[in-house]
Amino acid sequence: MTLTKWALPLFFLFFYLLPLDQRPLWSPDENRYAEISREMVSTGDWVVPHFLGLRYFEKPIAGYWFNSISQQLFGDTNFAVRFASAAATGLSALLIFWFALQLWQCRRKAFLASLIYLSLLIVYGIGTYSVLDAMVTLWLNAAMVSFYIIRKEGSLGSRIGGYLLFGLACGMGFLTKGFIALAVPVVVIVPYVIYQRRLLELVRFGPLAILSAVLLAAPWAIAVHLREPDYWHYFFWVEHIQRFAADNAQHKAPFWYYLPMGLLGTLPWLGLLPGALRKGWQERKISPETLYLLAWVILPLLFFSIAKGKLLTYILPCFAPLAMLMAANAVDLLKEGKERAFKVNAWLNGLFGLICLVVLAVLAFSPSHAVYGEEDQGALAVAMVIFAGWSLLGFIQLKEVSRRWTLSALCPMVLAIGLPWALPQSLIDSKLPERFIEANQAVLMKSGTLLANDVGLASSLAWGTQRSEINLFDSKGEVHYGLGYPDAAGRYVARADFPAWLEQARKNGQVALLMKTDRDGNTGPVPTADETIVSHRLTLLIYHGAQ
């Protein structure tokens, strides 16, 4: 791979931006964020987040702002929904390039750090997926980079400006995802400055960072409090304390959860990981920058491992410094003529592709584990081509590995290009209901009232029909809080109340109920519909209006 100034921009263009519009939105996350921002644009309310027309206090506002601006620029498209995440990832890669250049004065290390970062499986997956983690990671990366730069000796004015900038980055992180965005800088920087015996400097200048962060966040924080006095109570206690520390925390997982998931996320560069960490540990006492990067990787990982609530996206901030450590070690190994790590990495990619091919074969031909049905033969073929390509890209490096090792960056890109055409219909109906909704758009648009028995389905309906008032049937899900307000009365229909409610609703026109059923297609007890449309686990019940 030739090192040119166009390589990274072209890589980002072809493998990040161009595929964004090729696959439907995944439920529930992408539909949720798409719909929240669509409602923000349509209502003009840029202060209080709403979802399905209901108050939704799960996150602060900045991520929704960026998504809404994207929709204003690019329309109600899947590209627009994902653009903010992709753009944030690209800016993180640019920041990594600049920071690596400052640390090592080596363009090759800077280039490889950015390339490795962009092609990490976890970074690519989250960076082309509409969630807030790529955006908050950008602000955390900016905060961590700015702090390391200002820790160097400089004039009083430059230090003051640097700490103010550090605070602004932390403030944007807070406005994007809340208090948890402040945890990463704290758990890394405080131990680091104590180890470096520079705690007094942090005590002297740290309040400036706090001041700039508070001044940045205060206008919206005050505005949302004046509009919705319960916002901060719910956001702090439910979305932070209960999610991360309480016994009933969301997404509970064992302490070691991030170890296997993190290793998988480092593909296609897993073979470079042990050497990078080992060298970082060996150089921690003689290289301040290496110690800083190592702390940036390990301490947030430990923090999120201790928390009871865990999601893979939480550890995304650990991968910018990890990419830099791997790139620096790779360049040093090449200078020393050592190829073992690159050969191991090539073998790992080759074997990973082969293992995935075997798993696909089992899923395709085992009656008890079948995922691909008779109608999915084309999708199965594409999936096999994807992992055969991944394997081939690994094995062809073994000849002249010192020249070809960067081909590993293309492994996830084969997956990125082929994925939209490799999904079985059962998965599409379960996780990508957009296609089913598009196929039944006419009958849905004729319906005066729309219901769904799942919040993810409701958000898909809202996005697909451009209607926010989708009623919830039999399950309140993540909007239970918003449904508790008096002005949301009537937005939820219990199963026991459905027959009587339906009789009244049909007087105002056609009613459509979209349901996600169990694997046997059971809808449970509901009145017999005038029309029934079924596709795998999706069932659409149409009740004509009363004559």
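Placed from the backbone N, Cα and C atoms, the Cβ positions cover glycine too.
Among the features that Swiss-Prot reports, transmembrane segment is placed at 83-103 (among others), with the record citing sequence analysis.
For 111-131 (among others), the entry in Swiss-Prot reads transmembrane segment.
The transmembrane segment feature in Swiss-Prot is assigned to 174-194 (among others).
According to Swiss-Prot, the transmembrane segment annotation covers 205-225 (among others), on the basis of sequence analysis. Beyond the ends of the transmembrane segment (205-225), by six or more residues, the same chain brings 47-48, 60-61, 159-160, 163-168, 170-172, 174-175, 231-232 to within a C-beta distance below 8 angstroms of the stretch.
The transmembrane segment annotation in Swiss-Prot covers 253-273 (among others).
Under 8 Å from some Cβ of the transmembrane segment (286-306) lie the Cβ atoms of residues 103-104, 144, 148, 183-184, 187-188, 191-192, 195-196, 255-258, 262, 277, 279-280, 314-315, 317-318, 320-322, 324-325, 328, all in the same chain and six or more residues away from its ends. Marked as transmembrane segment by Swiss-Prot on the basis of sequence analysis: 286-306 (among others).
Counting residues 6+ beyond its ends, the transmembrane segment (311-331) has Cβ neighbours under 8 Å at 92, 95-96, 99-100, 103-104, 106, 108-110, 112-117, 120, 122-123, 126, 131, 133-134, 136-137, 140-141, 144, 180, 184, 251, 258, 261-262, 265-266, 269, 272-273, 275-277, 279-280, 290, 292-294, 296-297, 300-301, 304, 341-342, 405 in the same chain. What Swiss-Prot records for 311-331 (among others) is transmembrane segment, and it gives sequence analysis as the kind of evidence.
Per Swiss-Prot, transmembrane segment is recorded for 346-366 (among others). Residues 267-268, 270-271, 372, 380, 383-384, 387-395, 397-398, 401, 405, 408, 411 of the same chain lie 6+ residues outside the transmembrane segment (346-366) yet bring a C-beta within less than 8 angstroms of a C-beta in it.
Look at Swiss-Prot and you will find 378-398 (among others) tagged as transmembrane segment, backed by sequence analysis.
The transmembrane segment annotation in Swiss-Prot covers 408-428 (among others).
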Beyond the flanks of the transmembrane segment (83-103) by 6 or more, those residues with Cβ under 8 Å of it: 8, 12, 16-17, 20, 63, 66-67, 69-70, 73-74, 109-111, 113-114, 117-118, 123, 126-131, 133-135, 137-138, 141-142, 145, 148-149, 289, 320, 323-324, 327-328
Residues from the same chain, set at least six apart from the ends of the transmembrane segment (111-131), whose C-beta lies under 8 A from its own: 1, 3, 7-8, 11-12, 15-16, 19-20, 25-26, 29-30, 33-34, 67, 81-82, 84-86, 88-90, 92-94, 96-97, 100, 262, 264-269, 272, 312-313, 315-316, 319-320, 323-324, 326-328, 330-331, 406, 408-413, 416
Long-range neighbours of the transmembrane segment (378-398), counting only residues six or more past its ends (CB under 8 A): 268, 342-343, 345-354, 356-357, 360, 364, 372, 404-405, 407-408, 410-411, 414-415, 418-419, 421-425
